[in-house]
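Feature list (source: TrEMBL):
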type     : residues                               : note
BINDING  : 193, 194, 195, 196, 197, 198, 199, 200 : ATP binding site
COILED   : 3-44                                   : coiled coil
COMPBIAS : 282-291                                : compositional bias 'Polar residues'
COMPBIAS : 295-308                                : compositional bias 'Pro residues'
DOMAIN   : 100-488                                : domain 'Kinesin motor'
REGION   : 251-327                                : region 'Disordered'
C-alpha cells in the first residue's frame, strides 16, 4: 500500500509537471511574440524619430520657401504698383501730347430709301494710324455768268471715321481717354451734330460709348483690385430741356402735367434741380438727383435696380458664384439705367427726323478709388453728353412748342460754341460765359481744364455728319464748329 501510494503521488506529480511544462511553453511563446512586438515597436520608434527629424527639416524648408514666396509676392506687388504709376504717367503724357481737347468726326452710312449722298473723300483712311483727313465737295452751283462752280473743302481732325465704321472702332480710339477716369481724371465726351446724324446710336446704341465705357471701367477696376485698389461707382442721368434740368432716372410722374399730345412732357419738375459748383474741391453737384450704385453691388434691401437673379443658370465649375452674381447685378443695373433714361428722355417728330431728341442728355459716372497699401485715393468723373440735334428752323418744319424747343436747342449749342471760343482765346476763366446756358454751366468743371478751382478735365468732341447732299450746309457748320473746338487749349489736366 505504501508503494502504491508513492506510485500514485509520482504519477500525479508527473501530470502536474507535464501541465506546467505545457503552460511554460505557452508563456514562452507569448513572451517570444511580445519580444517580436517590442522589437517592432522599437523599430517603429526609431523610424518615427528619424521621420520626425526629416519632417521637421522639411517643415523648416517649406516655411523658408513660403517666406521667400511671400517676399517675392510683396516685391511683385510693389513692382506692379510702380508699373501702374508709370503707366498712368505715360498715359497722361500721351493724352497731353494729343491735346486735352480732341475732335473726332464720323459720317453715318446711307439709310434704306436715302439717295443723293454728298461727295466726301478720305485720303488717308488706310493709314496705320487711322484716317485724320477728309475732303468735302460742295454741291455744284452756277456762277453769275452761268459757269459751274465746284468747291472742295479739306478738314483735318484727330480722327476721321468714314460711313463704314462701327461703334467698336470709334470706342477703341476713345479707350485711353476713358481709361484715365480710373486714374482720377475728369473726362467729357460730347456727341454733336445735326438731327438724324446718328448721335444717339453712337452714344447709347449697341456697343456704343456708354455701355462700352462702363464695361471698360469695370474691367479696369477688377484689374486694379489685384494691386490693392478698391472702387465705388455711381451713375446719374439728366437732361437739359428748354433750360430746365430733369432727372432721367427719377419718376416721370413727378413732372408737371402738360402733355403736348406727342408723348413728350412739358414744364418743370415739381422738384427743382439746381447746379452747384464747389470752389474748393471743384466738384459739380445737382440737387435732388437720383443716383444708381453700379459697384460694389448693394445688398438686397430694395434699392433700385433690384439685384439680378442667378437662379436656373448654368454655373461653370471654376466660376466664383459671388463674383458672377455681382457682375450680373451690374449688367442689370446698366440695362435698367439706359432703358429708364431713354424712356424718360423727350423725343418728338420733325421733318428732319422721325424721332428727334429734343433735349441734351448727360450721363454722369463717378468713380472713387483707394489703395490702403500706398495710401492713395482718386476720384474721376465721366460725362457722356448726347447733345440735341441742331436744326435750321425753316428746314425742320418746327412750329408751336417744337419751334420753342428748337430755338432753345440752338441757343444752348451756340452758348457751347461761345464757351469753346472763349477757352480758345486764352483770356482766362473769368471771360468764359458758362452761365449763358444750363448745359455749359453744368459742364463747367469738365470743359474748363485746369480752372481756378483746380478741377481737371479732358474733352472729346465727337462730330456726327449726315451723308446726304441736302444736309451739306448743316454738315459744313458742324465741321467749322469742330475746327473751332480743335483750336481750343484748356491746359494740362490734373488728376484728383
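The backbone N, Cα and C atoms fix where each Cβ goes, glycine too.
Where TrEMBL records a feature, it is marked here on the structure.
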{"residue": "193", "record": "ATP binding site", "Cβ within 10 Å": "28"}
{"residue": "194", "record": "ATP binding site", "Cβ within 10 Å": "25"}
{"residue": "195", "record": "ATP binding site", "Cβ within 10 Å": "25"}
{"residue": "196", "record": "ATP binding site", "Cβ within 10 Å": "22"}
{"residue": "197", "record": "ATP binding site", "Cβ within 10 Å": "28"}
{"residue": "198", "record": "ATP binding site", "Cβ within 10 Å": "21"}
{"residue": "199", "record": "ATP binding site", "Cβ within 10 Å": "27"}
{"residue": "200", "record": "ATP binding site", "Cβ within 10 Å": "22"}
Would you list the DSSP helix, strand and coil counts for the residues of the compositional bias 'Polar residues' (282-291)? 0 helix, 3 strand, 7 coil
Mapped onto three states, the DSSP assignment of residue 200 (ATP binding site) reads helix
Take the coiled coil (3-44) and average the pLDDT across it for me. 83
